[in-house]
Amino acid sequence: MPWDARSAEDVEEARSDRASSGGRRRPWTVLRPAFALLVAGSWLVMVLTSLAGGFQLVGQTSAERDFAQGRVTSYAFLESRPGTGTGGWWQGSLDGLTDASEPVEPQYSELVYTLAAGSPRIAVSEQVDPSPRVWSSWSEAETTWLQQQVVGSEIPSGVANLRLGTTAQVHAVLRVVLAGGMLALVLFGPVPRHGNRWFWFWLIGLPAGLGVLAYAVWEIGGWRDHRAPAPERRARGGYGFLVMFAGGVLIAVAAQTLYGLLGATVIPL
């Protein structure tokens, strides 16, 4: 069916609008502001825990000190750095990470390790400044250290053994609850007023859960309900897909620019 064709959902929306235009206020209408604040607050906590529990980039000297002092609880050599995959924001922090087949090949491996307390860390060669946008191979001396002091240690290794900590666990729970909750509301909740169900379905894919925040503000909170379009003119799935795609690109560019301006050294979960 073409995206602009009138569907059965339009009929459902029209009936819902007529049913809610008169009579006493429904419980859902009364609870909307409080529920919207709850969702927005949960989203904010998810973002903050993503930053607080994110992967901290440190120089090889700092990593060597952490290992020498016995502070490291787990480590892994990765094929690629966390945050470089294309998975959705609702996926696990370790999803998509792959153990390096040759752990100490300087051209390919990324060393990630965890501490008993604190965020997971990514060791970066001293040849460059720690930055999410900069990569460098290990020097010969650094490769020797990796082979002797890291691989030769008895510390649990591999992606499956990484211990990200409590902050990452809280973030993981909120991520699943928000993504699953929005999907359930889009599919089975009240009929959306600013876009049809397919429109909001695609917006779940916006990075950092921004689609959830938008749904909380517009659909749950009722912001600008007085200017909501007629059912047949509401945003549809095709437009939602374009917003998701273009928004993802723009948000990625904005994030990289912000990283550069702030000199950030954390890769969010």
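The backbone N, Cα and C atoms fix where each Cβ goes, glycine too.
Positions annotated as compositional bias 'Basic and acidic residues' by TrEMBL: 1-18.
The feature region 'Disordered' is assigned by TrEMBL to 1-24.
Beyond its flanks by at least six residues, the transmembrane segment (34-55) meets 82-83, 112, 119-122, 164-165, 167-168, 170-171, 174-175, 177-178, 181, 208-209, 212-213, 215-217, 220-222, 266-269 of its own chain at Cβ-Cβ distances under 8 Å. Feature annotation from TrEMBL assigns transmembrane segment to 34-55 (among others).
The transmembrane segment annotation in TrEMBL covers 172-192 (among others).
The annotation transmembrane segment is assigned in TrEMBL to 198-218 (among others).
Non-local neighbours of the transmembrane segment (239-262) in the same chain are 3, 131-133, 195, 198-203, 205-208, 210-211; each lies 6+ residues outside the stretch with a CB under 8 Å from one of its CB atoms. The annotation transmembrane segment is assigned in TrEMBL to 239-262 (among others).
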